[in-house]
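Everything on this sheet refers to the single structure shown next.
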């Protein structure tokens, strides 16, 4: 093959400057310009504009505003409602991630090789993940509502009276976390299943010859080799949970007050209902910082663990 | 014998899991088909098929218009994602100069940033340039925020295409650009199918962008139409259930028919990390 190329290049064909330019790698970079332009206009420009807005007292619609320094950030960090909302966001993000991964892994082990109809069960577990989260919120509303909710029918049968599952700030945050876990559990399961299928049978055969117990095999073969799958699953679930919006909007709208709000829904309400655009922008920046720091540090530690094994 | 016992236990637990997970959808069905005057528990399946909820939901939430809007936005967005995504991925996969590595980093870093964090400036920007309530504006937003995933998948896929193919095309005198369109593009079919399925699903399901940027009744997508309905008529549970069922059915059907592509998309992330 090689000599052919040389012959062609040295052949009688005229290699003008234009022609050489057309073949150079640099000329290809035009191909990513449309994508880069979109990123610049719809992500990077608004991001920097958002930094500026967070230093103003802008109300979101008028032309008038003043620069007020870091007042919004001070107001945000001293507001106890914001503290609750940050804790809620962490419950939605970290809580869902924990349960999605534990249950997702158990399901993957259950549905990997044994049992009849396991493909059917996988489909059932995964279907919620492809339904719109806002619709998933409405579906759960039918289960959780105070009057005539499906779950309250059962509670009434045992306790004699329904329980205010969505209105009580002590429980609704956890319920929202469970609904999000239920919806995206299937994603974790699928990631683990594809991870399990990548593990060679030879390891298990060798372990069997050495007389390793089932537990031993799981902790010394399966789990370490699932590390890349675990990383992907954790990062995906973290990002999904920390930005939770739709399910909250459907079930409690963040209420009562901001008791079950996440940073996303609080920001939305500050902007559209309270006309506090400056504070909303600061909250957006806080959310950006929180998600970036949490996902990058987890990524760093998970990757390091992958390498050491 | 031990093997058979294990199969039975796994099957029983598996079916139990499926049963638990299907409950919300069962409730959705009973509520959708139940006459509002029927006060029986949501657990009880109506002994009749009542279609009044579907008709009311379709008319009152203007679901015909909403389905059309959602369909147009989904198709246009996915088409642009495929074009811009595959174009961008080619130089990034083939010519890993320092500059291109940076550009790749810029694209992939946006995987972490949720669009909501820049809601305030983005909304202001949309009002300023008159993109509110337009197909054009929302499509460009969807394209921008889904491009990262497409570029990520296309770049790693092109990386697996042997370079000998490029060289053969060069011998035949193709320019680099021509090479992309004639040699590489036809080979992208499998990964393109995955990207189409994943993006179409998430754009079809989108609520946040549509809620913020499509506020006129005429431009509403399905999710926004249903949510405005929920606010005004939270007593009309049957209508909301019927509307939700209609909105969810296309996704569920596509998933059941084309499961492979959904799983491939997730698996790609799991292997590459």
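One is the number of the first residue shown, and numbering goes on along the chain from there.
Cβ atoms are placed via backbone N, Cα and C, with glycine included.
For B:67-258, the entry in TrEMBL reads domain 'ABC transmembrane type-1'. Under the heading transmembrane segment, TrEMBL lists B:7-29, B:66-90, B:102-123, B:135-158, B:179-204, B:237-258.
Outside the transmembrane segment (B:7-29), and at least 6 residues removed from its termini, the chain residues within Cβ reach (under 8 Å) are 42-43, 45, 241, 244-245. Taking every listed stretch (B:66-90, B:135-158, B:179-204, B:237-258) in turn, the largest tally of C-beta pairs under 8 A with the transmembrane segment (B:102-123) is reached by B:135-158. Listed as Cβ neighbours of the transmembrane segment (B:179-204) (distance under 8 Å, sequence separation of 6 or more from its ends, same chain) are residues 70, 73-74, 77-78, 81-82, 85-87, 90, 142, 146, 149-150, 153-154, 157-158, 161, 165-166, 169-170, 222, 250-251, 254-255, 258, 261-262, 264-265, 268. Within its own chain, the transmembrane segment (B:135-158) is flanked in space by residues 69, 72-73, 76-77, 80-82, 84-86, 88-90, 92-94, 104, 107-111, 115, 122, 126, 184, 188, 190-191, 194-195, 198-199, 202-203, 206, 209-210, 213-214, 219, 265, 268, 272, which lie at least six positions past its ends and keep a Cβ under 8 Å from the stretch.
Same-chain neighbours of the transmembrane segment (B:237-258): 28-29, 31-32, 34-36, 52-54, 56-58, 60-61, 63, 193, 197, 200-201, 204-205, 222-223, 225-226, 229-230, counting only residues six or more beyond its ends whose CB sits under 8 Å from a CB of the stretch.
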